[in-house]
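These come from TrEMBL:
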ACT_SITE  His84  active site
ACT_SITE  Asn158  active site
BINDING   Arg81, Arg122, Phe171, Arg368, Tyr372, Arg379  heme binding site
DOMAIN    37-426  domain 'Catalase core'
REGION    1-57  region 'Disordered'
Amino acid sequence: MLNPESRPEANTAGTGAGAKDEQLEHRRVRSDGAHLTTEQGVRVDHTDDSLSAGERGPTLLEDFHAREKITHFDHERIPERVVHARGAGAYGYFQPYDDWLAEYTVASFLTDPAVRTPTFTRFSTVAGSRGSADTVRDVRGFATKFYTDHGNYDLVGNNMPVFFIQDGIKFPDFVHAVKPEPDREIPQAQSAHDTFWDFVSLQPETLHMVMWLMSDRALPRSYRMMQGFGVHTFRLVNASGQGTFVKFHWTPMLGTHSMVWDEAQKIQGKDPDFNRRDLWDAIAAGAFPEYELGVQLVPESDEFAFDFDLLDPTKIIPEEDVPVRPVGRLTLNRNPDNFFAETEQVAFHTANMVPGIDFTNDPLLQARNFSYLDTQLIRLGGPNFTHLPVNRPVVEVTNNQRDGFGQSRVHVGRSSYEKNSVGSGCPVVGGEFGDVFAHYQEKVEGSVVRRRAESFRDHYSQAALFWNSMSDVERTHIVAAFRFEVGKVEDAGIRTRVLAELTRVDGELAERVAHGLGRSATPAAPASEHGKASPALSQLNTTFGTCATRVVAVLMADGVGAADVHQLRDELTQRDVIVEFLAPVDGAVRSDQGEQVAVDRAVNTVASVLYDAVIVPGGDACAAALSGDGYCVHFVTEAYKHHKPVGGFGTGTAELLQRCGVRYGSRPEAPTTMAVDDGVLATDRTGEQAAVEFVEQFAAQLARHRIWERRTDAVPA
Ligand code: HDD
């Protein structure tokens, strides 16, 4: 339960924020109190038995109801997205903080703080199919459709700021390599296989992105706790037609946090819908996810001021060189009504642009501008997918495009061409820049060539920059990820080539990976020894400080101190922490005073990997019962192994934590005073004041997300 006072109102009116919701209301169909009819609106008397000649005879063709019902069912599926098939979406709104960006763009949805623009955002994994698990090692999609007053604008980004390839013509090759191998169709939603690493080893341009993929960024704790990036350099255009290069960044207000790999793998079995459920539940509980939009701006005069090409999507602009300036905030405040109608049918397109934003010649972006429209034609069955409720702009659509499968507009009048006189010359073409989209007038000249620019050739410097910028713990995770992934590669030649490429990024990285593979790294000088780092790239340098919406398990059994657990829950809920009471069986446990304490779930229906922290309450009988329950002991040990805060509150809990292998700093036994060490907090005190002090300290640990410095290699879970 969240603290009700901190819940913002859903869909509170603001300029335009409710416009999409109002539009959708006209398309919502509710069955409450309705009669069952055919698609023709004819009421049906019976739907459980087919019409047949005699009770045991053949089914009759004239049973139009059965035929229609089965036919419709037979056609229910549409092709899944060729990439990003697995996803979850939510409606919301975007609101700028102020108007400072108006100097650079005429896009009022980015510059007018009075305007709340309705949005739909879809998060996704990339490689897996629609039914694959959420917590795989993968890039996450972060695509937002802004239903602006000037038409739809789509920012189709990822949670990593670079991409695997530089030119879209290689996208089919890349996707074929990462998808399940075509003969056996395995592995599902994994990059840990030969074809992916074969591609990587032969295409050094992938290396920078591969560093991100092997990092904790590929294992977000929640869609609510990951960054987003537009990736490409785009262009803002102001009222005088002047362009400025721009990179878009989304920063989650809850901080950027990840899981550990072991945990992510286990969640794939315990709750394959983990991230989807997390998003839905948070929005349903009123804990609306929020992200700040920021921009890095580069004047056109500085186009060549960097040691990389701004048009190269495998490069970042270090934030230390060009700071990210805040623009406004996205709030996701409404779950869709129907997954298929909205989340599945939403159609994003990088070329959905509005006045004030424009493209650059990034060759990856140029290909995307073709691919997204093309893919919707097969996925959604024809050119009228823009009429689908989730895809419709909130502004009027008037043009001379006509007919096609699923045409839902009834165009009135005789003219469907431009210019016309019979339709009074309508729809009228043109208007002031800002109201109309006019392509940016960039001067372009050159010979027709099929050749990569020299400025795109350095594939190692920023891969090394990323490695240099990581903390020790992040480096350890990256090395472990490479060992896991390349360790799954069967072809020895591919392993050798990957190690050779890593050597060119950083010698220490290559050596540590090679060691895990039982090899020695091929000696070669790193291609880049600039020694530079960008501190902003380390997740440990992102924002910490809130424990809101973290989920804490309180394990309990008969004999628990009822007043204590309720007090703990109240104190944590005040901080917007979600608390669940778990016990060996569902229903209720009997407290030390003989009263019933309601249990939220039986512990065997969940697992520690689904929680951010665990608390074991006393007294002695409860602690003893939990000590004797293997599932409960494993729960605590595993949470401890995964660097989560662990708490013991009340008598007997120090012994219980010891039984679970929980160490207190360098000591095996937890002391009974109220002190925290290594993310473990234990006390044998009880009562109201003790609970207040305990939660104060425990919440601070929770806000750290994970106790990364805790050594857990030897923990057997
Ligand atoms: Fe893409 C989907 C993000 C490169 C072709 N892409 C898709 C989605 C996201 C991205 C978030 C899911 C949208 C949704 O939720 O419906 N894609 C990216 C990013 C890229 C990128 C950040 C590099 C910077 N994509 C990329 C290239 C191509 C595509 C180079 C093709 C040349 N992407 C597609 C697609 C998809 C898609 C095939 C599949 C389903 C869809 O578009 O609607 O057209």
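Note that Cβ sites are derived from N, Cα and C of the backbone, with glycine treated the same way.
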Between Arg379 (heme binding site) and His84 (active site), what C-alpha distance do you get in Å? 13
Pick the one among the recorded positions Arg81, His84, Arg122, Arg368, Arg379 whose Cβ has the fewest other Cβ atoms within 10 Å in this structure. Arg379
Between His84 (active site) and Arg122 (heme binding site), find the distance joining the two CA atoms and give it rounded to the nearest Å. 10
Quick tally, other C-beta within 10 angstroms, Asn158, Tyr372; top of the recorded positions is Asn158
Do any residues at least six apart in sequence from Phe171 (heme binding site), in the same chain, have a Cβ closer than 8 Å to its Cβ, and if so which, in order? Ile165, Leu364, Ala367, Ser371
Would you work out the biggest C-alpha to C-alpha distance among Arg81, Arg122, Phe171, Arg368, Tyr372, Arg379, the residues that bind heme according to the record, and give it in angstrom as a whole number? 21
Arg122 (heme binding site) and Asn158 (active site), compared by Cα position, are separated in whole Å by 11
Provide, as an integer number of angstrom, the distance between the C-alpha atoms of Tyr372 (heme binding site) and Asn158 (active site). 15
Sorry to bug you, but what's the C-alpha spacing from Asn158 (active site) to Arg81 (heme binding site), rounded to the closest Å? 16
Expressed to the nearest Å, what is the distance separating Asn158 (active site) and Arg368 (heme binding site) at their Cα atoms? 14
